[in-house]
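What follows is a short report on a single structure.
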Amino acid sequence: MTRGTTLLVFFALTVVGQALTPTTVLTGVDQARLKAVFENARPFTDLASAHYSILGLKLLGAQIPNTQMVRVEGECCQYERVEDNCNYVKSAVDYQSPESLYYASSATKALGNCQLSSSSAQNTLQAAIKDGVDVPTLFFVVSALINLGLPVNSNEVVNALTEALKTDDSILSGSMALHIAAQLSKDADVKVIFESIEDLVAQADEVGEKYLQFEGDLGLTSFFVVGAYRLAGHQNKAPLIMEDQSVKFANYLLSRKHVQSPKNAYDVVAGLSTLANNKYHIPVCITRQSSMTVSSVQSKVQVRVSNVMSGALGKLTVKADSAERKEDGAVVLSNSALAANPRDNTLYELDFLKTKAGRGFYTIEFSVTADKPDSRLIGLSGAQVEVKVVTTVSVEEVELALEDKDQSTPPRVTKVQYPQKTGSNLAGDHHQNLVMKFLLKDKADNSAMEAHQAFVRLTNKRTKQEVIFVAEADDDHLYKFELDIGASAKEHFNSLSGLYAMDLVVGDALIQNPFAWNVADLQLKFPEDSATSEEKPNLYQPREEIQHMFREPEKRPPATVSTTFTALVLLPVLILLGLWIKLGVNIANFPLSLSAISFHIGLGSILVLYYLFFVQLNMFDTLKYLAILGTLTFLAGNRLLGSIANKRKK
Amino acid sequence: MATSQANVFTVVSKFYDEYVTTTPQRLKIIDAYLAYIMLTGIFQFGYCLLVGTFPFNSFLSGFISCVASFVLAVCLRVQVNPQNRKDFLHISPERAFADFVFAHIILHLVVMNFIG
């Protein structure tokens, strides 16, 4: 244990060199927002949220609204004032549950003029301290007993707690143990629990060297912080939490200040209240209150020096240790004291322009000392604030020239003064280059400077089309813009000759007066042969209508060919008939019986049916008729062929 | 060479003479029918070669009708031929003819459906 402490002390000393300070603060706006979260928890839906809401408002020093509007049952949009807080708590409490009694008793204690029935509570609570009780129950019981002003047997509690902690080493239970110990009598033996603070802190997770938390859980972290400092105050001994660990806890709690539920809001407020008001560690926050821009109009940098709840810290001496320019690392001031604002004792001011710093982004580092030495204050050095110093720019030595590409004649140079315009229009055509030179000067120290945005914009006065070019500066910060009129005709100007307005556009983050200045009007003439059509086809106009082309019918042979072949195909029939006659087909032997005739008629009718099928009918109808005709034909045929067979046999 | 030519010619003429004398009349009728079917098929195919296969389904149905009719007629001829009596003891010529007619009815239904 001692070795561990030595190691910690060693680390503490090494860390002092890079002091850690809170990143932000719980501003008045944040506190108002959290107050609204508490107030909006009404009408209360359960005892826990009532508990958090009431306690939260009390911590913020706000008035707890006494009555609440409750919807009248069965009626839409009708509200009535019902049940003040005390009645709600008294009606919602469950006297058999230590947890419920804990919430109810804390709420009534905060309300002040509300009383629970202590006898029934006492029965439940004292019965709950028995063998094998777990840490959460013990926490609820002890807290409730203390809240209700009932007696607590400290030794019994300590024993039960030690016993319970043997099997339960979660961080929540460890934190609950701290709270329990802080409420016991002063002579209770809680040394072991006090020393467990160190072990618990070791289990916290650090994020980015700025935040320290337990398992990403706001409630757990806050509960631990409150418990640790409470016990430390109770024992009158500093908790074994390092200064920058304390600051990192504060950072974590501050990072969660945008929560929405009463419980989370209470966790944030409770944790930060503890860190704003305890006997050992009070992180000091420095936040910029003035605007980031420092200019001749507004030259003062104002900061607020407070605790994490934006509360005052007494009389302090605030110094700006250094102000470093981001661009080149130049340090423009050191060790300047800030003046305290007479009306608000948390505000301090520094006249930054007194340092004669040029334009740029600056990081100012502060350090704080208390007039009355207060060992509780931590994070006293290393706070940084960013400002930017802006300046006004002037443009000078502006020259416009149109020079011939072949350098045959010396260019005509026109000088212009800002904010005037050239007297007459300049005329240029595709044999020439347009050259413009100018110099940007920082008015504060009359030195040449460069700007982020130095553009030359040419706008066709008729079609309003714009072309923007970038002007580039050389090593002496002299800007030059060259335009080859012939070469750029197609790409930039679409070969549209005409009158163009030429504007110089200058802007920068560090310039107070960015401008767009119409320098001259140019009459540009482009070669005719590369002139494209007047309007580029507008992509957003309706296009030509596409006529649908139906599928062309296939090429057919001429009618004569088809007719010839039809005749040709029918020719073999004649040949067949001829052959049959030659062979002596025996038609005379046609039996004139019913079956014979009906058979032949049936066959014929089937052929007729097929023709109709081809022309008109569909398959289903055809099959229907075929069935009928087929049956008849079959019967007839059967008879006929049977008779022929018999005749043959005979 | 004259002899081979003469041989082919004599074979053909002898075949023709034998055919005319020994084939019963029924079969000759069927043979005439077969020749007719074949000619019709050839003409259809020639037309298709000449002008292309559009419309393909019509050509197919016509051509296949010829082919199928030819096949059915050959079957009829085989079954009716008295010389094949031993192979078709249970099928009388009338039965063969009835099958022929039945098959044709179905064939022509399908052909009419497919001819479009």
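Indices start at 1 and increase along the chain as displayed.
The backbone N, Cα and C atoms fix where each Cβ goes, and this holds for glycine too.
According to TrEMBL, the signal peptide annotation covers A:1-19.
Marked as domain 'Ribophorin II N-terminal' by TrEMBL: A:27-276.
According to TrEMBL, the domain 'Ribophorin II second' annotation covers A:284-389.
According to TrEMBL, the domain 'Ribophorin II third' annotation covers A:397-524.
For A:550-648, the entry in TrEMBL reads domain 'Ribophorin II C-terminal'.
The transmembrane segment annotation in TrEMBL covers A:559-580 (among others).
According to TrEMBL, the transmembrane segment annotation covers A:592-613 (among others).
Sequence-remote contacts of a segment are chain residues at least 6 beyond its ends whose Cβ falls under 8 Å from one of its Cβ atoms, and for the transmembrane segment (A:625-642) they are 591, 593-596, 598-599, 602-603, 605-606, 609, 617. Annotated transmembrane segment per TrEMBL: A:625-642 (among others), in sequence order.
Mean model confidence of the domain 'Ribophorin II N-terminal' (A:27-276) amounts to 87 (pLDDT, 0 to 100 scale). Each residue of the domain 'Ribophorin II third' (A:397-524) gets a DSSP state, and the totals for helix, strand and coil are 5 helix, 73 strand, 50 coil.
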